[in-house]
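Participant: I'd like to ask you about the structure that follows.
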Amino acid sequence: MTVPRREPLSSAADMPQQDEGKKPPMETAPEQRWKLQVFYLCFYGFMTQIRPGESFITPYLLGHDKNFTQVEVTNEITPVLTYSYMAVLVPIFLLTDYLRYKPVLVLQSLSHISIWLLLVLGTSVLAMQLMEFFYGVTMAARIAYSSYIFSLVAPSRYQRMASYSRSSVLLGVFTSSVLGQLCVTLGSVSFLILNYVSLGFVTFGLFLTLFLERPKRSLFFNRAEAACNGAAPAELDKMASGDKMDSGDKTDGGKVMGGWRQAVLCRMLREVCTVAKQSRLQLWSCWWIFNSAGYYLVLYYVQILWNDIYPARDNQRVYNGGVDAASTLLGAIASFAAGYLKIRWALWSALVIGVVTAIQAGLLLFMNTTGNIWLCYTAYVLFRGSYQFLVPIAIFQIATSLSKELCALVFGVNTFFSTVLKTVITIIVADKRGLGLSVHPQFYVYFSYFSLLALVYLLMAMVVIVRHSRRAQPPELIPTEGQVQEKSPEAATVQA
């Protein structure tokens, strides 16, 4: 996230008298400007998702167009995506903030163009591995778009603008999937032509990127203007002043600013270690790390599983686009519904996570054992929907007790550890230098992985519920001697 641009404040005495109900021109123009910027950014987010060939990349590689073997795609080409994402995640995270978003969005668009040029022109395994590398770059660069919008609006509008930007992306993914499926099924368009169409759309996306306005401020590295313009101090500014007081530095503002630029990330990391002691943050961060790693591994290899269950010779009988559209729609509905779920999360979080994870494990086992491609499609849609149901809950539970800066850093750290775990699993399970398992044994591994996670979460839930029930029980009262005599007059007579 970024520090929002604040408009210069003016006093009432400096403003000319206006009729009531009329906005001064100085207020109307900036408001119209940021609305246009948000609209353009959402349009950009929608258009850059229109890549109708994306849902059919695996059957394209395995089909007569490229003629790669399933072993090559599973154990040599696809693992590069995980490795490249791991390699570029941290550099792009830092460059996004340092370069103020737009250059990274340009890099993302150039990477998309490189992907489809290699898909169309490449013929070797090395070319497809390079294609997967650029795919990892585009995935890591998504943070630039999700953060960019917060530089355009005031903090009071963050939640609404975030929903607008996310909705535009989901709508773009849905439209792209439907368009690709219609082209293949009804239009009899070949996968190669579909990739040419995708190349045209991503080239248009680069054209749109050039007209994005570059923000003047960012979260970590570009905050000097915010301080000069009278912006309210945020977490980083407070830490900067803390550094100044601790070191006794009384020099000018430039040296102070340079000092916190070097020290603030370390201070933020130490602050993350402090807040990490919260049980709620620990639980949902663990879910983010472990479940996200398994979820994305399933997404990377599921098209290979579909091709193994139903190796369609006719492109018109490949329904990957329709499945992606259905899973995107269900994910959006599940995310929306999660916002209205009102329970005592401090008590039931572990149980909800455990039940959902157990359902995901069952769906993975069903996907791997069924011979019916339509049942496999259905299980996959439910698998994605169950994950998307928990995503907004996790975001809220993690972010609710953190400042904006700490929240961004916590999500960055969680994503990094998830990527490390995903890379380790890929090296051991999928890479030809490891076990080099084919797709069905891989999905048995993923089923075991989610089953183990579900068992751990359910055990945690039992511990939490037992502790809560013990605390809820009132302590047993020890009756006093007077109470005993009052309740037992016969005993008093005997004693007399």
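Along the chain as shown, residues are numbered 1 onward.
Every residue gets a Cβ built from N, Cα and C, even glycine.
All TrEMBL annotations are machine predictions without curation.
Copied straight from TrEMBL:
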type     : residues : note
COMPBIAS : 19-29    : compositional bias 'Basic and acidic residues'
REGION   : 1-29     : region 'Disordered'
REGION   : 477-496  : region 'Disordered'
TRANSMEM : 80-99    : transmembrane segment
TRANSMEM : 106-127  : transmembrane segment
TRANSMEM : 167-187  : transmembrane segment
TRANSMEM : 193-212  : transmembrane segment
TRANSMEM : 286-306  : transmembrane segment
TRANSMEM : 318-338  : transmembrane segment
TRANSMEM : 345-366  : transmembrane segment
TRANSMEM : 372-396  : transmembrane segment
TRANSMEM : 408-431  : transmembrane segment
TRANSMEM : 443-466  : transmembrane segment
Participant: Mind checking which residues reach the transmembrane segment (80-99)? Cβ under 8 Å, same chain, six or more beyond either end.
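Facilitator: Distal contacts: 2, 107, 129, 132-137, 139-141, 143-144, 147, 218-222, 297, 300, 412, 415-416, 419-420, 422-423, 426.
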Participant: Out of 106-127, 167-187, 318-338, 372-396, 408-431, what stretch is closest in contact terms to the transmembrane segment (193-212), meaning most Cβ pairs under 8 angstroms?
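Facilitator: It is 106-127, which has the most Cβ pairs under 8 Å.
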Participant: Considering only Cβ pairs within less than 8 angstroms, which of the stretches 167-187, 318-338, 345-366, 408-431 has the most against the transmembrane segment (372-396)?
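Facilitator: Answer, by Cβ pair count: 318-338.
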